[in-house]
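Okay, so here's the structure we're looking at.
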Amino acid sequence: SEAFNHPNSSSSSFILVGVPTSEAFPTCWGILFCSGYIITLVGNGVVLLVIGLDNSLRDPIHWFLAMLAVIDVVMVTSIVPKMLSIFWLKSTEIGYMACFVQMFLVHSTTSAESGVLLAMAVDRYVAICHPLRYQTILNRQTIAQIGLAIVVRALLFIIPLTGMVTNLPYCHSHVVPHSYCEHMAVAKLACTDPRPSGLYSVAGSSLIVGMDMAFIAVSYGMILKTVLRKKLFWKAFSTCGCHLCVLLLYYIPGIVSIYAQQFSSGVSVHAQVLLADLYLTLPTMLNPIVYSIRTKQIRQAVLKLL
């Protein structure tokens, strides 16, 4: 409590609040996020295991699904253990360098996940519109190049942002009203104007998400055109249905969270923090469940493994 009331301006660490105005229910929040974390680790771990062990799951869509599972595990592991220590152990302090490493991991994985979802949309387009050339177009070399491009793009976005926030002088309160080191929540503690980093974040996020969503929309428009011409609507829906569900789970909470953080005048801090937490944890928990239920090959591979 003393750290909250009299933050040390010379401290080399930050204080994470958790979920503001909900300090009376730390155990409940801990149980909620711990349960989601376990489901995420088990679900994505099973997906990675069956893809690694089953030789029939070597087509491009399953390589992209493995990438998505790895990104999801890294994303939640970068925030949930620290959140649980806040809720259960009252360990609210996080080191200066650890805070920026966490920030780097969170925002780079969110960018990378958007790139993987775009790659999966392209995969569905090739599978439905050019089925005979599917293996030729999306060979292993192409998949490796796509994966490298996704990683490089995420780094090109997050390295300047992390540098901008790291170089800000923090001479006032070190109390971050958040569950993790969200870059805008940290930047607002700086002595100087944090708006340049905020504008860069919104512009970069909007560019990445807008570009990815535009390409995804184009790919699904071409898929729709093809299936209507060939009268394969239900087959296409069964092929793309789980991907569409994952897209909705990721982009809708993400867009709301990004703009709620930046234009926060009409949104309470409590709601902002919960939106950001759910945006990072809910899709990672539900992605393997959606794919396991809706994808026959994954479902059969899991049952075979069990």
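Placed from the backbone N, Cα and C atoms, the Cβ positions cover glycine too.
Lifted from TrEMBL, the feature list:
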DOMAIN    43-291  domain 'G-protein coupled receptors family 1 profile'
TRANSMEM  29-51  transmembrane segment
TRANSMEM  63-88  transmembrane segment
TRANSMEM  94-122  transmembrane segment
TRANSMEM  143-165  transmembrane segment
TRANSMEM  198-220  transmembrane segment
TRANSMEM  232-252  transmembrane segment
TRANSMEM  272-291  transmembrane segment
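Remote same-chain residues near the transmembrane segment (272-291) are listed as 19-20, 33, 36-37, 39-40, 43-44, 46-47, 65, 68-69, 72-73, 75-76, 79-80, 83, 106, 110, 177-180, 182, 242, 245-246, 249-250, 253-254, 256-257, 260-261, 264, 298 (criterion: CB distance under 8 Å, separation of at least six residues from the stretch ends). Tallying C-beta pairs under 8 angstroms between the transmembrane segment (198-220) and each of 63-88, 94-122, 143-165 places 94-122 first. The list of residues near the transmembrane segment (94-122) in space but at least 6 beyond its ends in sequence, with Cβ under 8 angstroms from a Cβ of it, reads 12-16, 61, 64-65, 67-68, 71-72, 74-75, 78-79, 82, 146, 149-151, 153-155, 157-158, 161-162, 165-166, 176, 180-183, 186, 208-209, 212, 215-216, 219-220, 243, 246-247, 250-251, 254, 280.
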